[in-house]
Amino acid sequence: MGNCFAAASSPKGDSAMTSTSGASKAISKSTTSTLTSGATTMTSSSWNSSIESLPTPRSESEILSSSQLKAFSYNELKNATRNFRPDSLLGEGGFGYVFKGWIDEHTLTATKPGSGMIIAVKKLKPEGFQGHKEWLAEVNYLGQLHHPNLVKLIGHCLEGDNQLLVYEFMPKGSLENHLFRRGPTPLSWEIRIKVAIDAARGLSFLHDAKEQVIYRDLKAANILLDSEFNAKLSDFGLAKAGPTGDRTHVSTQVMGTQGYAAPDDVYGFGVVLLELLTGRRAVDKSKVVVEQNLVDWALPYLSDKRKLFRIMDTKLEGQYPQKAAFAAATLALQCLNADFKSRPEMSEVVAALEDLQLSKSAAKKHSSKNQTGPDPARKSHLSHNRSPLNLTPSASPLRSHQSPYRRG
Ligand SMILES: Nc1ncnc2c1ncn2[C@@H]1O[C@H](COP(=O)(O)OP(=O)(O)O)[C@@H](O)[C@H]1O
Ligand SMILES: [Mg+2]
């Protein structure tokens with residue numbers, strides 16, 4: 001499981017999967033329905049979230065004219081990034097290079113570096129296969145979807161071969177950088193769970209939207225962090241509208257990046273959760289063969305309370321609550337269920353993670369004992385879990401869910 005496909009040459013340079021039909025389909029539907037608070041049904045938090053007019057308008061000009069995004073000129077973005085100076089490179093993905101830039105907060109015109117508002121400018125690689133579809137998919141979805149756990153798109157630029165996207169700047173970069181690169185401060189357990197919750201909320205928002213959206217590219221490199229480690233999903237190049245009509249069919253063509261098994265966002269989330277627990281990459285060719293595929297390697301340990309510590313990230317130095325870690329491992333296992341119909345809904349994943357986080361803070365409040373030591377006095381919220389998931393691996397398989405986008 002998890003390595004049932006081989007890497008192929010694809011638009012995502014980072015050993016990604018092939019993508020031949022993907023985003024183009026996402027821009028071929030039309031309605032004008034309105035949804036203003038899709039997120040409120042998912043968690044206890046009240047968010048200012050909105051999808052203004054999904055599903056997608058029909059034509060490119062409709063997509064461009066229907067959003068509130070600023071249309072930048074190439075020159076403006078050249079000035080804002082100091083001619084795309086290599087030392088302002090924030091990151092590189094399969095589709096583009098991302099540079100740091102500065103604009104005036106109100107007029108959105110280029111400013112001197114260091115003054116005004118910082119932005120992130122993605123310049124799509126000119127050789128990018130299907131590049132324009134990815135560009136349009138991002139403009140389409142991020143132009144309409146607004147949620148605290150989705151990165152904010154400010155504008156775009158389309159001039160000749162130059163295709164650019166302008167986002168809010170995420171000061172702490174990607175989860176990938178924090179989790180896998182050797183840095184001075186590894187992510188704490190609390191931050192890992194918070195990141196998992198944020199990413200799950202973002203996905204849940206997309207899945208529970210009236211006109212469902214499948215993200216299809218969940219991975220650590222696409223989860224960005226702000227200055228307070230709030231996590232947001234970015235990179236909507238592969239996003240796609242969920243099924244309509246009889247709501248029974250969705251393309252199962254493999255998309256995204258090897259090891260994350262898109263298009264199923266829930267499976268991809270399970271992989272990311274595993275990465276957060278173990279500090280290991282979904283696929284790591286530098287490891288011995290049996291350890292190269294994270295899911296294959298970790299699976300046997302996830303359902304055994306006494307063995308789980310063997311795969312936990314050593315960078316945590318044992319600083320995690322065992323019970324919560326086991327609950328998170330159980331949740332990952334459920335997301336990675338070989339039977340996709342038995343995987344939980346993302347709203348259930350959110351609830352389970354919130355419970356897990358809650359039980360942790362309650363434990364902290366009532367106990368000054370070592371985090372990792374047993375605490376018989378502690379009553380786990382998970383035992384009377386308000387989430388419909390039963391976070392014990394021995395529990396009977398999850399009920400079959402009605403999520404339409406994973407059918408077919
Ligand atoms: N808004 C942003 N703020 C800070 N860094 C960013 C931002 N957007 C992207 N990056 C960095 O650039 C990398 C590639 O961006 P991404 O949008 O995923 O490109 P691609 O579509 O080519 O995969 C990310 O993994 C991250 O490190
Ligand atoms: Mg990316």
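Keep in mind that glycine also has a Cβ here, set from the backbone N, Cα and C atoms.
TrEMBL has this to say about the protein:
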BINDING   Lys123  ATP binding site
COMPBIAS  18-41  compositional bias 'Low complexity'
DOMAIN    84-356  domain 'Protein kinase'
REGION    1-41  region 'Disordered'
REGION    360-408  region 'Disordered'
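On its own chain, Lys123 (ATP binding site) has Phe84, Gly96, Tyr97, Val98, Phe99, Asn162, Gln163, Leu164 as residues at least 6 apart in sequence with a Cβ closer than 8 Å to its own Cβ. Taken together, the residues in the domain 'Protein kinase' (84-356) have a mean pLDDT of 91 on the 0 to 100 scale. Under the DSSP three-state reduction, Lys123 (ATP binding site) is assigned to strand.
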